[in-house]
Structures are given as C-alpha cells and as structure tokens.
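Working notes for the structure below.
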Amino acid sequence: MIYQGETLSVRYLDDGIAELNLNAPGAVNKFDLKTLECLNEALNALYQQSDLKGLLITSDKDAFIVGADITEFLGLFAKPAEELSQWLTRANDIFNKLEDLPVPTLSAINGHALGGGCECVLATDFRLADITARIGLPETRLGIMPGFGGTVRLPRLLGADSAMEIITAGKDKKAQDALKLGLVDAVVAPTALKDAALSMIKDAIAGKLDWQKRRAQKKAPLTLNKIEATMSFTMAKAMVAQVAGKHYPAPMTAVIAIEAAARMSRDEALVVENKHFITLAKTDVAQSLVGIFLNDQYIKGKAKKAAKEGQPTKKGVVLGAGIMGGGIAYQSALKGVPVLMKDIAVPSLDLGMAEAAKLLNKQLERGRIDGVKMAKVLSGITPSLHYAGAEDADIVVEAVVENPKIKAAVLAEVESNVSDTTVIASNTSTIPINLLAQSLKRPENFCGMHFFNPVHRMPLVEIIRGEHTSEETISRVVAYAAKMGKSPIVVNDCPGFFVNRVLFPYFAGFSLLLRDGADFTQVDKVMEKQFGWPMGPAYLLDVVGIDTAHHAQAVMAEGFPDRMGKNYKDAVDVMFEQQRFGQKNGNGFFAYSVDRRGKPKKNVDPAVAELLAPVLGAATDFTSDEIIARMMIPMINEVVRCLEECIIATPAEADMALVYGLGFPPFRGGVFRYIDTLGLAEYVAMADKFAHLGAVYEVPTGLREKAAKGESYYTQQVNA
C-alpha cells in the first residue's frame, strides 16, 4: 500500500503501475475538502516512488465522482474573495500535481464523472469510460463555472467550440457522445473496464501511445488563429445571450474566461479562471441556485425517509378519467405502479386512455422510450366503469370534478370498496381536506394530493395533511409521489393550501395596480423581463383560466376575508362576465391563435382596453420597481404567514413549492432567499411604504421581529 486515506487509497497493481482508488465513506464519491487533501497526500506519496511507471484512477462506487460537495459551497462562497482565491489556487495546485506526474496517467470512468470529477479526469493523460459513464461540467446550472481547471483543459482537449457548448449548457454527455467529441479515448463494457485500462496504460508506458504529447497540448495555448478566435467567441456569446439571458451570468462569464485565457499557458489560464469563478461565487444568483439545489436535496431526503417509513405502493386507483385523471394514471404507470382508472362514463375513460397514449407517443417520437415500454405502460392502466379490482389497492387518488358534494359522495363510495388500510387522497386545489374528510369513516387514511397541470410536466405535488390524517398516511403518499417522479411537499390544510393561498394575494396586487391606472401589458412585461417570472400575471390568469381563477378567488376571499376579500369590481370580474376565460376559449386579457406547431399564440387584443375601461383608474406610469414591489409584497407576506402559521414546515419547502409549482424565478431562489438577499429590514421598510393599499401589504409580526433583530431565514445551508 502506497497510501491509505479516508476517501481514497493507492497501491501497486503490477510492474510499476499504481492504482488510485476512490472509495469514500457513504454512497458516492465527492470532491469535498477532505478528498482534495487526501488526493494531495496520495500524490505526494506517488512522487516519492522511484519504481512508478504509470497511474490508474478508479472508483469502487457506482459513480466515479459525482462532483464537488455542494453542501460546502455556501460556506466557501461566504469567505473573503482573497481566501476563496487561495482555496481555488491550492485545489488547482493539486490537480496540476496530478497532471505533472512524470509517468502516464489514465482515468477508468464508471458512472458519473461530473464537475470536479470531470475536472479530475481532464487532468489525466487518457480517459477510458464504460458504457454507463456520463461526463460533464454542470457548474453553470448552479450560477458558477468550473473552478478546478475545467475552462482551461476542456477547450485545449476538444477545441473551444465543443468545450463552450458543454460548459455553458451544463449538461452531461453519455459515453458514446463523449467518445465522438474526444472527451474519452475509448468506451468498453463495465466488466472490461479494469483490464482495458491496464492494457492502455501499458501501451503508454511502452511508448505505443504518446502521453507526453497529450499532456503538452493541455498545457499550451489554444490553437486558434485570430480570425477563428473572433468568429468562435462572437458566435458563442451571441448564442449564450439568447439562451441564458441577463439573469443567469455564469454561461457568459465562462465564455469570457475561455476567451481571455485562449492565448495563455495552463498556469496563466488558471489565474483567469480563478478570478472569474470568484466573481460568480459572490453573486446573489449563485447563492440562490446553490440554495435551490440544497433545498431540492432536502426535499428528496425527506421523501426517501418517508419511503422507508411507509409501505410501498404496488397498485393504485385513479377515480375520474379525462385529462387530469389520465395524466395521473400515465405518470403512475410510467414509473412502475399499475393503476385502475375508474369513471362513470365510457367517453371519459376513452379520453383518459387517449391522454396517456398521446403522452407516450411523444416519448416514443423523442426516443426516450421504445415500443415495448409504451405497451407495458399502457397495459399498466386498466380503464373500468366498476370498482372490481380496487379492493387490493394501496392508494386511491380521487380526481373527479372540483365540486365538494360530488367529491364527498365519490370518496364515501370508494371507501366502502377498498380495504381498511387503503389510503385515499383527493386531488383538489381549493376544497378543504377537513371538509371532505367528514364524509369518511376512516379520516386517518385520508389526505390531499394536489397535482399541478399538466401532470407529466409539473414537478410539484402538494400533500395536504388534515386534522385526522395519520403520519403513516402522509409517509405513504409522499413515497408514492416520489415514486411517480414528483417533488412532494407536505402542507397543513387551509383555504388554497400553500401554493394557491400565496398566489391569490399576488393576483390581488395585480388587480390593485390596474385599479390605480397601470397598463396590464406593462405589468406583464416588467414581471417577466425584469423580475423573471415565466409569465406575467395577465398571461398567467389566461393560462390558469379566468373562470377557474374567479372561482378560486371567491374561495380565498371566504377563507381570508380581511386580506383577500374585495369591495370593488376588478379586471378579472370583467373578463369573467364577458366569458373571456383565457386560452381555453381563445380570449382573455390577450387573444389566442394557433401557431404552426399547434400551440396557443398570444396576441394583444385592442378590444380589451375598452372592456376594462370602467374598472381602470386614470392611466398612471409606474416605474418597474413600483410594479415589482406592488406585485410581490402581497405574495411575500402571505408566504411568511404560512410559515408562521405552520401551514408549511420550512423556508426550504416554501421556496421549492414556489419554484416547482409557480415557476418562481430560480435565480432569485424563492421568497425566503429573495428577502434574505434584500435584507429583512430593507424589505420591511419597502413594504411599509405600501401599507396604505390594504391588509395584503401589512408585514407579518414575525417577519418584522426578525428584521428588528437583524436575522435571516436561512443559515448557510439546509441539512437533509
């Protein structure tokens, strides 16, 4: 044994060939601070070996290295820039030490080699992958860029264009694609990886493979003439500007760093990478995107825990076919849980099966599934007019029409047709779970399961706990939602649950702006282009459906009359009266036509201004900051109230529900990350300026107290 550390070891195999084996405690290998130090110590030991002829790097895990330990990021990013620079320099000194070993080096890659894992294999002379390998640099998706030499070595290995595509997209490459690009030298079967790696390193030792030429290429400037460089970097910047936009600076910064270092040697180029990495690490965007990653891991961790605690779902029932029921049935069957889809009408069952078939055909066309998988999924959905077969179901998801009396009747009926241990969940967006539970004999087996439309695309599922819901029920439904590929977030029962409860104060802010003379097209433009929502409020209302929103607003007003009741007629009322229901019937705040791909196309409708004139104030030119403040303060206040009232358990879950359920701009991180970034005292001062507008603008007491104490909602990281 040459070296034995906590996360890796080095030993001789035969004839002067050493193996550096990555085998950290836990499920995966990460390039955390500890592993970097172990690598440094291992390399120091290797430099002392006079008999060393070659080095293989291997992994004992299913994945080579999944990347850096992102839980360390926020702590590192909070350090002074000089200290962060020193850490990066030290890390790169270690990778340079690997690259500069006086013998040929080879990485034998199995599974994922991402981020720091990819940068590690780039530092070796050769890369051999098995067919399961996926290699990439996802850092730009976290608001940063590669910092362990990725922007230096990858362009010198692949050429600037291919390297910039990989780095700016942040997506990994399958083994065969990596081979075509030249990112790996060969791809073999998993069982052949070790022997093939030994054979290749022996060829390098024997001089059959020129490892020194390979190494020299990675340490030299890029081989681009001035005209080629100008064309390459100009096109890359134009593409990145179009795709990433102004709110996500990391991809553009990576391109700028590669361009600035193009004519430099490795060591000079690493200094450039260091500087640009630090610039990004200090941005609010990086804090937000890293925070989202950590929050997502926290939610996944809770779902895994629930899966261990609750019995697995082997069979489900969906009550109510149609688009929503068909979508739920499809998602369940796709992920391996067969379902009985029950309805009272054959046309509805046909519609549900057609919805599932349509979604599967899209997957087939895109090459994501084959015909065998499609047939298997469809055979996993059994349409039925009867309850026969439901008696052994683990979970029932009721998805009938959004009417409390109908739902209550259906729930009582299904309860009498299933076992005493079957969990029943209602897919409802507005009806209180405690109200529906009154129709059941076993309310402890009942909860809400609010899917978002379209089911196959929207990641969030709200799991609603009623007064009598057992923890066993919650665990089983959370585990089922996770099995379906969703992000389940548990909330307590209240009008609108969490997502709709916080959405309608936002719509109230919109109505008040219009009442005070704002132009709804300007409001939409500001909230999309400046704040970063995928849709402005008018467009969102059209997509949700004006009739749906009008009904939900009445429910919210009944539940929270002080804040959400209104004593004036607003723009949504006018749209509803005029039966302009939005995209569903072609007219709402905007008019809709069908584009060449069959998708709704939004158009300005001149008739709307005249229709709204009676409820609009005198035209007023609001600044972008005023529009953002007046739109966001009501939502922020309601989100905080939900936390204070224990409707939602943590800031992390609240922020992820907003990002996954409403499309809250990821670069802002969610409401709690956003107000932490603003500063709670600054937020309170801003909100107080608008307090005269009504109760939705009044800052919750708990938030005001935290602001006075100088506190924030997040510490540096969320622990799963």
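Note that Cβ sites are derived from N, Cα and C of the backbone, with glycine treated the same way.
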Among Asp343, Asp350, Asp392, Asp420 - the residue Swiss-Prot places in the same NAD(+) site as Met324, Val400, Val401, Glu402, Lys407, Ser429, Asn453:
Asp343
The substrate site in Swiss-Prot includes Asp296, Asn500. Which of Tyr660, Tyr674, Tyr683 is also listed there?
Tyr660
DSSP on Asp296 (substrate binding site), three-state: which is it?
helix
In Å, how large is the greatest distance between any two Cα atoms among Asp296, Asn500, Tyr660, the listed binders of substrate?
21
Could you check which of the recorded positions (Val400, Glu402, His450) sits closest to Asn500 (substrate binding site), going Cα to Cα?
His450
Given the recorded positions Glu119, Glu139, Asp296, His450, Tyr660, find the one whose Cα is closest in space to the Cα of Ser429 (NAD(+) binding site).
His450
Taking the Cβ of Val401 (NAD(+) binding site) as reference, which residues of that chain separated by at least 6 in sequence fall under 8 Å from it?
Gly320, Lys407
I need the nearest neighbour of Glu139 (site 'Important for catalytic activity') among the binding-site residues Asp296, Asp343, Asn453, using C-alpha distances.
Asp296
